[in-house]
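The structure appears right after this line, and notes come after that.
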């Protein structure tokens, strides 16, 4: 792409502007890459220690199949989504970054990180299974829904989940930046009202049994397609809100 010129001012192509936003976020790479994997590492060593202790006492660590250790960094990544907007957005505006470019660059970074982490999780799961669970019976990655289907189910579910936690944090922060606490409370109230309304409708049509059957037969790709769709709705909603948001102290 060529560089545009407007009234004597050189305007870089959008791809370069988006790349600059991504680099701005990665000025502190440990936030996005270091700390999440430190959390994973800590959860891994705790899981190994538990599995070894169980083995030394003559037991089997089959219960680790239901361990949530594999999800340990997700809670932190919600905070990363919050910080990516709350801390970087005012700074980016000071450098002349437009709201659209900022959001596109942020979304591109979230997508890239989700792809990388999904690939890493998928590979580590295969290594875990190939080594008979790290030679200790440890179930770190081969737990919950992971490992129940083909590898691409694991990849897709991790990608969808990471996109969700990133964008739920970022979108919530845009509400706060535009309408402060009132906006966050109002949005939360709307979600609660919608859930209650849905519960009333299901009850009115005596549909709880049908809903339970639907959830019982839901597939991993189906569930995480809904998760990914929710993430994309948060991404679109966040963009619509941040267009009018003004950073305030």
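Even glycines carry a Cβ here, placed using N, Cα and C.
Automatic prediction, not curation, is the source of TrEMBL annotations.
Now, the feature entries from TrEMBL:
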- 24-55: transmembrane segment (TRANSMEM)
- 75-95: transmembrane segment (TRANSMEM)
- 102-124: transmembrane segment (TRANSMEM)
- 144-169: transmembrane segment (TRANSMEM)
- 181-202: transmembrane segment (TRANSMEM)
- 222-242: transmembrane segment (TRANSMEM)
Top partner of the transmembrane segment (222-242) among 75-95, 144-169, 181-202 - counted as Cβ pairs under 8 Å: 144-169
Criterion met for the transmembrane segment (24-55) and the transmembrane segment (102-124) (at least three Cβ pairs under 8 Å): yes
Residues of the parent chain within Cβ reach of the transmembrane segment (144-169), under 8 Å, 6 or more residues beyond its termini: 65-68, 70-71, 74-75, 77-82, 84-85, 107, 110-111, 113-115, 117-119, 121-122, 125-126, 129, 220-221, 223-225, 227-228, 230-232, 234-235, 238
